[in-house]
Amino acid sequence: MSLRVHTLPTLLGAVVRPGCRELLCLLMITVTVGPGASGVCPTACICATDIVSCTNKNLSKVPGNLFRLIKRLDLSYNRIGLLDSEWIPVSFAKLNTLILRHNNITSISTGSFSTTPNLKCLDLSSNKLKTVKNAVFQELKVLEVLLLYNNHISYLDPSAFGGLSQLQKLYLSGNFLTQFPMDLYVGRFKLAELMFLDVSYNRIPSMPMHHINLVPGKQLRGIYLHGNPFVCDCSLYSLLVFWYRRHFSSVMDFKNDYTCRLWSDSRHSRQVLLLQDSFMNCSDSIINGSFRALGFIHEAQVGERLMVHCDSKTGNANTDFIWVGPDNRLLEPDKEMENFYVFHNGSLVIESPRFEDAGVYSCIAMNKQRLLNETVDVTINVSNFTVSRSHAHEAFNTAFTTLAACVASIVLVLLYLYLTPCPCKCKTKRQKNMLHQSNAHSSILSPGPASDASADERKAGAGKRVVFLEPLKDTAAGQNGKVRLFPSEAVIAEGILKSTRGKSDSDSVNSVFSDTPFVAST
């Protein structure tokens, strides 16, 4: 495929013109280095522009001659066993999706993904991973989706997902985890953008009830726990009931998959549904748990009174309410506070909202009888309705003015096109004037007065015009007494004849401009 350099001048000199040598030289150099730069499609793969699929080809490593600018690489159903710093021989700067499911991957080393820094989706599902060690994904700064389901993972290092600041979805279903990965939400390596965590069908017997309240409400909504062998407990029951009442899809969609083991004695147990009425009489028992939820977003106007209700599911009986403002100020019932008031039923009133009052307010509902409390985060936005209304009014006026101008223009155009600009009387006078002018032309161009001709003659010769011009004798020698017209008069006569004659006037035109003597009769 490549060409030797010393043969290039000979080819260029023999075939190509001097003006095209540089262009052909550039093209031939491109052909020479092309395969090394762009890569080819390996025989074990299927390539489609920026997508390469090498599935079920018994591969143990990534082919080295792949196109480096691919965006999606599928290596599933192969026998790749170890991910180290050299398992990908080249750098894929634009690769955003890497699929490695159904391989024999047993471990991942630090630096395994240094050649794929821009991955957004990594699929390592259905492999043989047992542990995820510290910071093995730290190079993947923009990773958004990580799939690790259907492995043998029994331990997650607290720093295993350190550096994944953009991670939004993490799938850990179908593994051997025995503890809920609380480090994903609290601590040094927490993932602030994680909105979906699937730890279903693991081996988790209980939940850390005293720490689950630290998880923000927006992240709680995306935790899936179904299919785990929970031990029946009123705290867990209350947590799931709270999520169910708040219509969390993680509980609503998998209601019948939440079960627990109820021990009748030390040897025998049975599986029962967690989300059922009168479960273990938990509605009246002491729970000693804390829960957190994300409340509504309220819009307030500057200076207009706003009331916000505490959307707690603990019930109002034996429940006390307090609010915590954005500045961590405590707002309690029966206490005079500037611009704020809290009722005993948990409602918060802001008498005259200001811009600085906007933020997240936390309502804490505490049930003393059951030692149960819930925190509901409510967002309050404050805006100036007068300013926004004036801007909207100005926009409406501008739009209305533009529309009115367009309609007026269309009406004027229609009037100009379809309405007669001159009245009928004016039109009659104009037709009479045109008739007089036509008679005048006829009198000039006809051999005699128009009144002398009979009606039949006028009718027969209505479409013809004859021009009688005074012939001038040319005194120059050689003309034999012939007469001719001046060039300027010939042009004038020709213009008159062309504008007034029909197809039948060709004979009279020829007679006028012939070389035969023209004799005017008296």
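For all residues, glycine too, the Cβ spot is worked out from N, Cα and C.
Here is what Swiss-Prot says about this protein:
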type	residues	note
SIGNAL	1-39	signal peptide
DOMAIN	40-68	domain 'LRRNT'
DISULFID	CYS41-CYS47	disulfide bond
DISULFID	CYS45-CYS54	disulfide bond
REPEAT	118-139	repeat 'LRR 3'
REPEAT	166-187	repeat 'LRR 5'
REPEAT	193-214	repeat 'LRR 6'
DOMAIN	228-284	domain 'LRRCT'
DISULFID	CYS232-CYS260	disulfide bond
DISULFID	CYS234-CYS282	disulfide bond
DISULFID	CYS310-CYS363	disulfide bond
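Annotated features taken from Swiss-Prot, shown on the structure.
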| residue | record | DSSP class |
| --- | --- | --- |
| CYS41 | disulfide bond | coil |
| CYS47 | disulfide bond | strand |
| CYS54 | disulfide bond | coil |
| CYS232 | disulfide bond | coil |
| CYS260 | disulfide bond | strand |
| CYS282 | disulfide bond | helix |
| CYS310 | disulfide bond | coil |
| CYS363 | disulfide bond | strand |
How many Å lie between the Cα of CYS234 (disulfide bond) and the Cα of CYS260 (disulfide bond)?
11
Folded-back contacts onto the repeat 'LRR 6' (193-214), same chain, C-beta under 8 angstroms, at least six residues removed:
149, 165-182, 184-186, 220-231, 233, 235-236, 239, 254, 257, 289-292, 375
Would you please pick out, from the disulfide-bonded residues CYS260, CYS282, the one with the fewest other Cβ atoms within 10 Å of its Cβ?
CYS282
Taking the Cα of CYS54 (disulfide bond) as the centre, which of the disulfide-bonded residues listed as CYS47, CYS260, CYS310 lie within 10 Å of it?
CYS47
Give the sequence-ordered list of residues that share a chain with CYS41 (disulfide bond), lie 6 or more positions from it, and have CB atoms under 8 Å from its CB.
CYS47, VAL52, PHE67
Can you tell which of the disulfide-bonded residues (CYS47, CYS54, CYS310, CYS363) has the fewest other C-beta atoms within 10 angstroms of its C-beta?
CYS47
On average, what pLDDT score does this prediction assign to the repeat 'LRR 6' (193-214)?
92
Looking at the disulfide-bonded residues CYS232, CYS260, CYS310, which has the shortest Cα distance to CYS282 (disulfide bond)?
CYS232
Is it possible to get the count of other C-beta atoms within 10 angstroms of the C-beta of CYS234 (disulfide bond)?
21
